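Annotated in TrEMBL:
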| type | residues | note |
| --- | --- | --- |
| DOMAIN | 17-287 | domain 'Thiolase N-terminal' |
| ACT_SITE | C101 | active site, acyl-thioester intermediate |
| DOMAIN | 294-433 | domain 'Thiolase C-terminal' |
| ACT_SITE | H391 | active site, proton acceptor |
| ACT_SITE | C421 | active site, proton acceptor |
Amino acid sequence: MSAPSKKTLATPGVKNIVLVDGVRTPFLQSGTIYANLMPHDLARAALQGLLNRTGLPKDAVDYIVYGTVIQEVKTSNVAREAALGAGFSDKTPAHTVTMACISSNQAMTTAVGLIAAGQCDAVIAGGVEFMSDVPIRHSRKMRKTMLSLNKAKTLGARLSLLGSIRLAHLAPELPAVAEFSTAETMGHSADRLAAAFGVSRLEQDEFALRSHMLAKKAQDSGLLSDVISFKVPGKDIVSKDNGIRPSTMEQMAKLKPAFIKPHGTVTAANSSFLTDGASAVLIMSEEKALAMGYKPKAYLRDFVYVSQDPKDQLLLGPTYATPKVLEKSGLTLNDIDVFEFHEAFAGQIMANLKAMESDWFAQTYMGRKTKVGAPPMEKFNSWGGSLSLGHPFAATGCRLVTTVAHRLQKEGGQYGLVAACAAGGQGHAMVIEAYPQ
């Protein structure tokens, strides 16, 4: 780890915004212990966990922002329902954002914007995803018939509508992790991306195994301190992620391709799994945090959002966002001590690393003279990543930022960089600076 430099990213006259603390529920494989809950239950648990961890008075919170991707129709503004359930005042505004896998990143940067604009001093941002119970709709024809039935005035009209129902009307619309604009599933896109950058099945399995082994080591060493215990109603207390499962290369090699058959390279073992979980972070102006007696964990510095072609560059957000945020901060890749990139698929993350190392890609697609450069692996996702810890879509961003803050403290670094891709061909990156110890 490089020694902290003298340079800081503080700008005279500009408000410093800090991460005070962050927590998350254990990330669990969908269909397991959380199966009978609702999304706002998990979000509420994260909010309560953050209050317990920080001792924050509820009335000190000016605003709450949450991210979510697959919305539960009963609680479409899940931020508000979770806040009320966690005991916040009904006078505390709350809204929900959605930006695929960077939804809680968007929640955090919304919080930064509210504080920078002088609207708020203390904002809680978070994210929640609940894949154990997703909305499954009737077919379009059946929905139209049911809505018409609701409006029918006479018995004859109702009987006529009921008589029009055919067996095909009963086929449900199942949700899929697919692009609306291209109809391609994300796994299929990841497989094509891996092939385009020559990422082999062996490389993907090795990367996934690394993720699980590092996550297991971090979990056993007590480094995942952002995880709070959660008493699931009617069940036991859950206190750790349940998807961390180091395997062997031999076992992983037995799995068949999940998306492009029979020659694809993306499998269940080198992909992130469907996950339930929630996260929450307390973001404040430095002045307010210090006035309330807090010792912040990190400064939240520059951030960027990027977008590119959702067909062929769907998952290349980190490649595009990383150089932009470094240039905005006046930093280089060598200045960064800690990297936390979201790993949706091993093939996706390795394709990004190869794209970042390619002069040709930089010149052809990014308008750059030379390559971006890939992060050194000894600084990269050292406590595991989404492949092993789990990936509740909208909750991952807060996990990444909190992990960077904790790693900077543990490893004595000064700057960390978070980067993530998202559906729609979008991406995000943020620079985080360690708070002086």
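Glycine is no exception: its Cβ is also placed from the backbone N, Cα and C atoms.
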Tally every other Cβ atom lying within 10 Å of the Cβ atom of C101 (active site, acyl-thioester intermediate).
32
For the C-alpha pair, I'd like the distance in angstrom between C101 (active site, acyl-thioester intermediate) and H391 (active site, proton acceptor), rounded off.
9
Round to the nearest Å and give the CA-to-CA distance linking C421 (active site, proton acceptor) with H391 (active site, proton acceptor).
13
For the domain 'Thiolase C-terminal' (294-433), the number of residues DSSP places in helix, strand and coil:
60 helix, 35 strand, 45 coil
Around H391 (active site, proton acceptor), how many other C-beta atoms are within 10 angstroms of its C-beta?
26
Just to be sure I understand the packing, how many Cβ atoms besides its own are within 10 Å of the Cβ of C421 (active site, proton acceptor)?
34
